[in-house]
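Each remark here refers to the structure printed beneath this line.
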Amino acid sequence: MSESTIQIALVLPDLLGTYGDFGNAVVLEKRMTWRGIKAEIVPINYGEPVPDSCDIYVVGGGEDTAQTLAVKHLREHPGLQRAVTKNAVVLGVCAGIQIFGESFTRADNVTHPGMGLIDSTSHAGGSRAIGEVIAEPANGLFEGVLTGFENHQGRTVLGPAARPLAHVRVGTGNDGSVEGAVQGRIVCTYLHGPVLPRNPQLADLLIEWATGTKVAPLDLPAVTAMRAERVRAAS
Amino acid sequence: MNDSPARLPLRTAAAVKLGNLSSTLSQKMGLGAGGMIGGRVALKLDPQALARLTHGRRVAVVTGTNGKTTSTMMLARAVGALGEVATNHSGANMPDGHVTALSKQPDAPYAVLECDEGYFPAVAGASNPAVAVILNLSRDQLDRVGEVRTIERSLRDTITALRDCTIVANCDDVMVTSAAWNARKVIWVATGTGWHHDSASCPRCGNPIRWQGEHWHCTGCDLARPHPNWITADEAMITPEHQKLELRLTLPGKFNQANAVMASAAAHAMGVPTEEAVRRLRGVSNVSGRYRTIQRNGRSARLLLSKNPAGWSETLTVVKEANHPAVLVINAQEADGRDLSWLWDVPFERLQGRTVIASGERATDLAVRLTYAEVQHTIVPDPLKAIDQMPPGAVEVIANYTAFRDLNARAAADE
């Protein structure tokens, strides 16, 4: 493991990078590099084939037309889907949770096929969910609370094969009660912030899945202080 | 060529009078600058106040994500060559700000109005502008303003419906070009805008946009960069008559050159000879406190405002020229947008090796971003104290909207 470089695919940042989601890839890269694990970010832009050889795939949020275009591209170049069968780690944020599911239905009532990676369907909610979110990680997946900022119209219903990522304490998440989804090594969430700078425990969980080793804690006082501030502000 | 503004109906006249009184009271009681309250009162008393107050004036409306206040000030200066201009200088860019500004100068035959992108349809509908300037469109306060494509769509619908308006539009911005594409009369300005992160796909058909140097086209429909009438060249501009004019601006940065060329093209459409327009807008040096330098205990701190990733990206280019220490000030109040995810779209990595202080109400969020950008920094939430902690000499202070507003007011009170 120490010899090979962990490749972090930043999937379609030109279409799905509206909410600073590039930050998730940076956090994964730096948290590995600072611990002596070789890591690099591989941006995959629209129009380019999607490799199936990366270790971690990060998919961000985007506007409606961009999201439709992204899912079309990812279905035509199914490298991400192949990587999932090879146990790659995947983080899908906002649009990610919608396009990874079986289908998503927009406010105009048109249903689009998803990538079928997680057992879920999404549809447009009555109002846009905007604001700080606090949620408790489900099944003791990681320590501490999950914090982030949500800004989405979609609501998501999980099928039996997908488990929630967390239970909502403040905010809306998928449906007002649970937030995100976990299926195999795919983690989805509605939370921006971006989510990994806000939640280093989740970042380290993804790193441990990708490297197959436990990582030592990393003491970043600014991160600890910010988490405390955000939790205080949301409570 | 212009009639003086029509006499106001009694109801509007009374509303304006009470509104002006509220502005004065607000200022005298120290409640605010009086830029909005007067208009708010007048609009409550007469919802048609904006239409009535602009009736009979020749109006220009300026909108876009970045550069609105500066371009408005430049255009107002230039149009001043023709006569008295009513304008909302201080960034109070919603209808109450417009009504306040127009009420204070009821006899000015010209109005140059800075307009928030979200209010453009209402303001353009009410004020029947002769000229509308569309500077640029990029991600900004997504939780408050909404996504860029929604804004583009509403501008497009409004512009397409405007009958007697000349649109001055930035053809290096895909979103602006799409918004102005169906306008009856449009003047295209090449500004050299550098932010392309919101236009990988066409706002009209969703297909990819392909760039080749400065040219771009949609691979799915006929949207493509139009041939520009005005061109921003290095520290100069090229007019539709192929005349090259040196800009020699007081304000720094490439984006202010772009603002100046947009303002010159708009002034030309309003009837101002170009050389006179440029001569006048050159004098703009301090836009509501932006770009001014304050002196504090041996530090000369230049105050710069940046509100969103495109703006920060341009400002980091400006401050790159000298390696001065930098104080970065971030708030996330409602007017700033509550979601700070956008900090991760700003290339703070460019500040590596510099003395940096993270400041503002959300200094810790910024500190996290700087940590991962591997920019050494300390945290001092109060920006004035942060300036004092820098070594004596030049300091760059970059702040977002409410952070800048509050810092500027405190600095002015100290002077």
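Quick reminder: no glycine exception, Cβ is built from N, Cα and C everywhere.
Because TrEMBL annotations are produced automatically, they should be read as predictions rather than curated entries.
If you look up TrEMBL, you'll see A:Cys94 marked as active site, nucleophile. Per TrEMBL, the feature active site maps to A:His192. According to TrEMBL, the substrate binding site annotation covers A:Arg128. Per TrEMBL, the feature domain 'CobB/CobQ-like glutamine amidotransferase' maps to A:7-199.
Projection of TrEMBL feature records onto the structure.
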{"residue": "A:Cys94", "record": "active site, nucleophile", "CB count, 10 Å": "27"}
{"residue": "A:Arg128", "record": "substrate binding site", "CB count, 10 Å": "15"}
{"residue": "A:His192", "record": "active site", "CB count, 10 Å": "30"}
Cα-to-Cα gap, A:Cys94 (active site, nucleophile) vs A:Arg128 (substrate binding site), nearest whole Å: 13
Per-residue pLDDT averaged over the domain 'CobB/CobQ-like glutamine amidotransferase' (A:7-199), given as an integer: 92
Inter-residue Cα distance where the pair is A:Arg128 (substrate binding site) and A:His192 (active site), in Å: 15
